[in-house]
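Pulled from Swiss-Prot:
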type	residues	note
ZN_FING	190-218	zinc finger
BINDING	Y666, N667, E668, A669, F670, G671, K672, E673	ATP binding site
REGION	727-754	region 'Disordered'
COMPBIAS	727-740	compositional bias 'Pro residues'
Amino acid sequence: MNTLQRLCVVCSKCNECAMELECLKYCDPAIVLVDSAPFKRNALTVVHLYRRLCPALAEQNARYQASLITLYLEMLLRCLYEDVLLVDEALGEFERHGDRQRYYRRVLRLDRCACHDTLEVTFTERIRLTVDVATLNEVERLLCKINCVYGVLEPTRGLELCRRLLSLMGRLCGISPVAAPEAYVENLTCLQCYEELAAVPNQGRSILKRLRGLLCDHLTVRKSLVQLETGIQTMEQDIVETVGSRPRLSSLLELLKGLSSSAAVSHAYISEAEDTLRRYNLFTDIPPRIYSLSDFTYWSKTSEVIVQRVNVTVQQLNMYHSLCRTLRNELGQYLYGDRVEDLFTLSEAQLGEDERLYVGSIYAAPERIVDLMTSLSLQSFENNPVFNKLHENNEIYSKIRSLLEEIRRPLDGAGTRGAAAATAAGARGAAEGTGGAAAAGGAAAAAGEAAGGPFQCGDPAARAHDVVREVHVRKKAYLQKVSELGYNRVMQCIKGQEKLIKKLVNVNLLGTVCFEVLAKVINGFIRRRAYLERVDGVVDVDRLLQYDDHLYVVNNLVHRRLPAESLPALGQEFYRFVNGPVFQHHADRYPLPYNIDMAYACDNAGMLPHLKEDLVRLAEGTVAPSEWMVAPYRRFFDLGAALDLNELQKGFWAHVREIVFSVALYNEAFGKELRLCRADEPVDEERERLVVTYNVDGPLFLYAGGGVWKSKDLYLLLYQHLNGAAAPPPPAAPSPPPAEPATTAGASRKRPAVESPGVLLDLVRDADRESSLVPDCLLYDP
């Protein structure tokens, strides 16, 4: 078993202990004090694990590499440690004062709220933003925003912000694997909801419209619990094994089993039809009546039934709850000599019958309560005559019953023909619905014509046209249309509300989305910080080279042009370096282009459309270097002059574009193969590469010729690479240059290095004055 497997085992055991401790908070403290030895043993184990593992996990997550399990286990151990101490202190206080209300308020932390936090995000000395975070949805959304501004956030500040988010998640989630209802908002979507919708056709709808009203099942994962019958069987087995067979308990269990097994009234002829159809298969002769019976049975099962039949009513739910409470009190009296008074019994007397439906019961499965609420909501539509489709099932059942009677009755030839005619008439009746009313209306209209009416005189065509009958037909068709549209809308509304109720009522376990995203962001900042802390073997090129070396590379690039056909590929490289570490679909088995990752990042962060347009315009690029060379000398990613976050982002994008396009032009002009890499991605150690760290104090690292160079200026590193970078000697302390004696031989004296160009002559290197590459106009010295 390796270290990761051991860590998973420890996490599993800690989860088991956390679930038991969370349930213990809701139990009667008097009963807990009767046998508190197991709690004491578990508490000592938790304290030992916390002191042994938590500091090492915190150091690993902050300095080396974070993962989903290490982040979750660190949070869980810290919360477990705090909760076992809290419960132990609360039990000691309860033993002195005996107040259950006070005990529950203490262990459940009802007197204070620690689920709200205000985080300060510092980008530069001028730009500081505050963000209020109170739910898991807001944590996930803030991580998406951090991913979008990943390059302009210093790694030390980013890691500090991530640590505060992990602490807040510990306060939101606690030790329970079941997420608290106040810790999340069920109708706010996450990044996985976005990715799932992006993988299917949009049918002409925007992503925001498709996300609106969608229930998220990723931040918290809904789990359906067992039904009542399974719970009773398990309960009976546990009671027999614990206390044996007792008459009072056995009678209560029998009442519970009889209550839960009472089913709703169903159509007996459906079962009879299934028994009849069971005698036929692929190799038997199938009479027409059997085929019709199978057809109607199929439609009776697959057609939508508005009024659902459930196996429990409100009265049964209340009776079931009362019997379970009596059974619990009997067990408490037998085992501990006193009735059980846990948190759920304190305000139970104030609930009425219908209120029990909305509050629920700890003894009933949430799925059963959801079915009951849906059934009660739908029954209000049963008596509405507009919804004609409500009665179609009864017509289908009547056809099934008539077919069964015909099968049981011996039929002669005429009877067979009559049955076939009845079957055909039944099929027509099912299709026509309530056509009899229209026929009656037509007969009444004909009688009115015979008796004399307003259309008996005049145009013969008008007399031949039965207006009254047409009115009835059109009215029937209109009502049928309204019925179908209304029925579909009602069913759509009810299904949507049922999904929402199931999400609210059922158990929702804590998902892994926030931990996965947090681990990716932390690892990115850790790798960027590693370049800040790296000192050994790194030579600062800014101390070796001068401004004219910078100008030499710039002048050789500024008059060249990039091939126009290379712009799309360079745009993809631009998106690669602008994006954060969260969306990495370019590394999937079936990789997506970098612009898809960037689109996911922008949409999930909520970037405004005009900023997206600016980003795309920069990505499209131009072939002229004069339009993208914008970074000052030795100030790459030094954006302290920006006044707001939008200006800061645009400046960052411009610097990234300059790096991508200038390195591509450098490779094109000098025939090099220098590769650009991110600081937070795996690299090929054998290849020459230029690593972009985004850090102000060392944004660029050059790996070439066995040596490592860093600089705040791109073109100094390109000059170092152009000169044939070799392993540098150990850097020596710079010595002051010797004083030159005054002489009149000005031609033999070297020009001092200049920090900014004054005249065109200053752009020329002294070693190249006699070179044919330099125009004569630059060599003229008046």
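Glycine too: its Cβ is placed from the backbone N, Cα and C atoms.
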### Task
Just jot down the residues in the same chain as F670 (ATP binding site), at least 6 apart in sequence, with C-beta under 8 A of its C-beta; none if empty.
L722
### Task
Please work out which residue of Y666, N667, A669, G671, K672 has the most C-beta neighbours within 10 angstroms of its C-beta, and give that one of the binding-site residues.
Y666
### Query
Per DSSP, how many helix, strand and coil residues does the zinc finger (190-218) have?
13 helix, 0 strand, 16 coil
### Task
Give the residue from the binding-site residues E668, E673 that has the most other Cβ atoms within 10 Å of its Cβ, counting over every protein chain displayed.
E668
### Task
Tell me, roughly as an integer, the mean pLDDT over the zinc finger (190-218).
85
### Message
Suppose the ATP site is Y666, N667, E668, A669, F670, G671, K672, E673. Which further residues of the same chain have a Cβ inside 8 angstroms of that site's Cβ centroid?
### Response
L665, L674
